[in-house]
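Worksheet: the structure to be examined is printed underneath.
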Amino acid sequence: MYTVKQIKELIEKHSQDESYIHELVKDDKRKSAQKLIEKWHKEREKQQQLHAAWHEMLQFENNAKAQGYTCIAGIDEAGRGPLAGPVVAAAVILKDDTVLLGLNDSKQLSEKKRLAYYDLIQKEALDIGIGIVDAATIDEINIYEASRLAMVRAVEQLAHTPDYLLIDAMTLPLPIHQENIIKGDAKSASIAAGACIAKVTRDQMMEEYGRQYPEYQFEKHKGYGTKEHLAAIQTHGAAPIHRLSFAPVKSVIS
């Protein structure tokens, strides 16, 4: 009879071979051995659920491919709501065999997971484009148009020319077939990847602004209107990266 340690090692080695694992412990009555099997079953079920969820996240990409499109980009932005800093968009073209289990709406991910997916997407994606629109331009053309402009710039930064765009609740002035999806970052793998890249890119920019303007602590709130942020504006006035057209900033500095 194998020791529990040996069983654990064999389960890890043959984790995909269900019949082997059941045969391994079918006559083993030890609680410790049975617990290992229970753990394996739970992990296997979790992996199956993650694979099913990933397949579901590819439905829009697969539908586009079924219509004959071959280069599909998912686009999303980060930073529409903050009082300071740019709005950042990312366009991501995934390879056909890319698998990013667990990727979902980037706002629901912990910072640690988001950074891990960011690194994975950078490594696994066929192409990534980033578009940035600064606070002064946001004040000039409004945040909706600035978000659209950031998305257009992101597409223009791609080395590959997409023939189909999946966009989170937006239509872009581009001569490319496009589909806009409400809450797309929770429904489309490509959009979710774009959302993750945009969010991390913007967060990194805000951390740098935090070093440039330490009195505002941008690295903590990323430009959102927290109580501490509003108090800092009240004390120090607006920084060069504040959106002066946004009501909370306007009311504090007027």
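Every residue, even glycine, has its Cβ placed from backbone N, Cα and C.
Swiss-Prot has this to say about the protein:
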- Asp76, Glu77, Asp168: divalent metal cation binding site (BINDING)
- 70-254: domain 'RNase H type-2' (DOMAIN)
Per DSSP (three-state), Asp168 (divalent metal cation binding site) is strand
Would you pick out, from the binding-site residues Asp76, Glu77, Asp168, the residue whose Cβ has the largest number of other Cβ atoms within 10 Å? Asp76
The predicted model's mean pLDDT over the domain 'RNase H type-2' (70-254) is 96
Cβ within 8 angstroms of the Cβ centroid of Asp76, Glu77, Asp168: which residues besides those meet this for the divalent metal cation site? Ile75, Ala78, Ala89, Ala90, Ser147, Met151, Ile167, Ala169, Met170, Gly184, Asp185, Ile191, Gly194, Ala195, Ala198
